[in-house]
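Asker: Below is one structure. I have some questions about it.
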Amino acid sequence: MGALLSLCTVGQMACCCGQAACSLFACCPSCGNSTSTKVMYGLMLLVAVILSCITLAPGLQSFLQKVPFCENEQSSSLTKNFMNNLSSVSIDCKDAVGYMAVYRICFAMFVFFSLMSLIMVGVKDSRDRRALIQNGFWGLKYIIVFAGIVGSFFIAPGSFSHIWMICGMIGGFIYLILQFVQVLDSAHSLAESWLDKWEQTEDKKWYFALLFTTLVSYGLAITGVIIMYHSFTQDDGCGLNKFFITLTVVICIFISSISITSCVQRVHEKSGLLQSSIVSLYVVYLTWSALNSGPETKCNKSLAEIFSKSNPGDSKIHFGSENLVSIGIFVLFVLYSAIKTGSSSKFSMSSSTERIGNDNDVEGGPISEDDNTGKLFDDEKEGVAYSWSFYHFTFAMATLFLMMTLTNWYSPNSNLNDLHPDYASTWIKILSCWVCAGLYIWTLVAPILLPDREF
């Protein structure tokens, strides 16, 4: 599956360069445009991840100081409320240029995916004229995105960062919920697939796969809880952190217990501890991420270590374990999104299906039915394989989550010397954790409470 998706992606990229390049992939297996299109958009988002990470590289900070928004305003001042006391904070652009660059890259990506989401509202099948925009013009799309990123670097600092931070927090919250839906979907798909294979073949390896995955997930969740108690609590104080961690433990025990009750098992025959263990692990991850964003160094050893190791002349930009884990999960589910669609799409080795074109084909007319041209076939003539508009909306929210993760969930115009993100990011992640747990519980009990409705 992965190799075939790679071939689809390479074929799409080659077709961006014209018919001659596209024809080089005539010997490759055919794949539906529903798959190749999602992979191409996923690749676009991953390119944004790479560009954003590059701008945070320590060696590039001096070079980035020459960008327009730094040249136009070498230092910016803003009034912030710290502990209910108003104080003026002077920020040197060199201390925040990496974060400001990430804000602008993600702003351009957000605008692109939002516009695509609006354009694709109401599309039912690929016979809609808007399908040409969705599935073609790849070279033009990348040029537009690149031009948007360059143009965003001319946005003056001012109030842009603060307003965009608020938008980023809202979008990040929404994306965490959407990401959980993917986590839950993958957990159910995995459990159902292994249970079906176990029942059909009676091969115990599938039973042990279920058991092993469940034990590993619970083991990682328990390890995470122990780490949180060690890193984010003290014998005296840190009461809020203790409450969050303890409540997370209670939630994990509760969802695990309810998932194996007889009444739930009657309506969810293939629901069990595997799904609960994966959900518990995700809930622990969200709690850990929330506590890691806490502003109090006494209750956050990761921030304390940054303070102790930082020198006055060092760059204030840091990239810690929470960033790495969040970005890793982010990339994993971007790839999963394409693979999930690929698993539900029809792959064909035949050249008799209808081919769709590339940028040049869309602009100049349909390509021929010759076996040596194009390897993408239209598998959405009778109906789209997924909601195109919602897919772009998800990616728009994903860019905001990416932005907040790379900038540690605080404004690039905040006091970087103190590394104070404030409690807003902590509460956003905690609330998303509770909402995710609530959604999972609802999926378990909804068929029992509302038996007349189909779920």
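The backbone N, Cα and C atoms fix where each Cβ goes, glycine too.
Annotations per TrEMBL:
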SIGNAL    1-18  signal peptide
TRANSMEM  39-60  transmembrane segment
TRANSMEM  101-123  transmembrane segment
TRANSMEM  135-156  transmembrane segment
TRANSMEM  162-185  transmembrane segment
TRANSMEM  206-231  transmembrane segment
TRANSMEM  243-261  transmembrane segment
TRANSMEM  273-291  transmembrane segment
TRANSMEM  317-339  transmembrane segment
TRANSMEM  385-406  transmembrane segment
TRANSMEM  426-450  transmembrane segment
Asker: Could you pull out which residues elsewhere in the chain have a CB under 8 Å from any CB of the transmembrane segment (162-185), counting only those six or more residues past its ends?
Answerer: 78, 103, 106-107, 110, 275, 278-279, 282, 286, 329-330, 333, 336-337, 340, 394, 396-401, 403-405, 407, 409-413, 424-425, 428-429, 431-432, 435-436, 439-440, 443
Asker: For the transmembrane segment (101-123), name the stretch out of 206-231, 243-261, 385-406, 426-450 with the most CB-CB pairs under 8 Å.
Answerer: 385-406
Asker: When each of 243-261, 385-406, 426-450 is checked against the transmembrane segment (206-231) for Cβ pairs under 8 Å, which one has the most?
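Answerer: Comparing 243-261, 385-406, 426-450: 243-261 has the most Cβ pairs near the transmembrane segment (206-231).
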Asker: Sort out the residues at least 6 away from either end of the transmembrane segment (426-450), same chain, that have Cβ-Cβ distances under 8 Å to it, and list them.
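Answerer: Same-chain residues near the transmembrane segment (426-450) but 6 or more away: 169, 172-173, 176-177, 180-181, 184, 244, 248, 251, 254-255, 258-259, 263-264, 267-268, 271, 275, 279, 282-283, 286-287, 289-291, 293-295, 409.
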Asker: Do any residues of this chain, six or more beyond the ends of the transmembrane segment (385-406), have a C-beta under 8 angstroms from a C-beta of it, and if so which?
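Answerer: Hits for the transmembrane segment (385-406): 32, 34, 38, 41, 45, 48-49, 52-53, 56, 99, 102-103, 106-107, 109-110, 113-114, 116-118, 120-123, 134, 164-165, 167-172, 174-176, 178-179, 319, 323, 326-327, 330, 334, 337, 341, 344-345, 379, 425.
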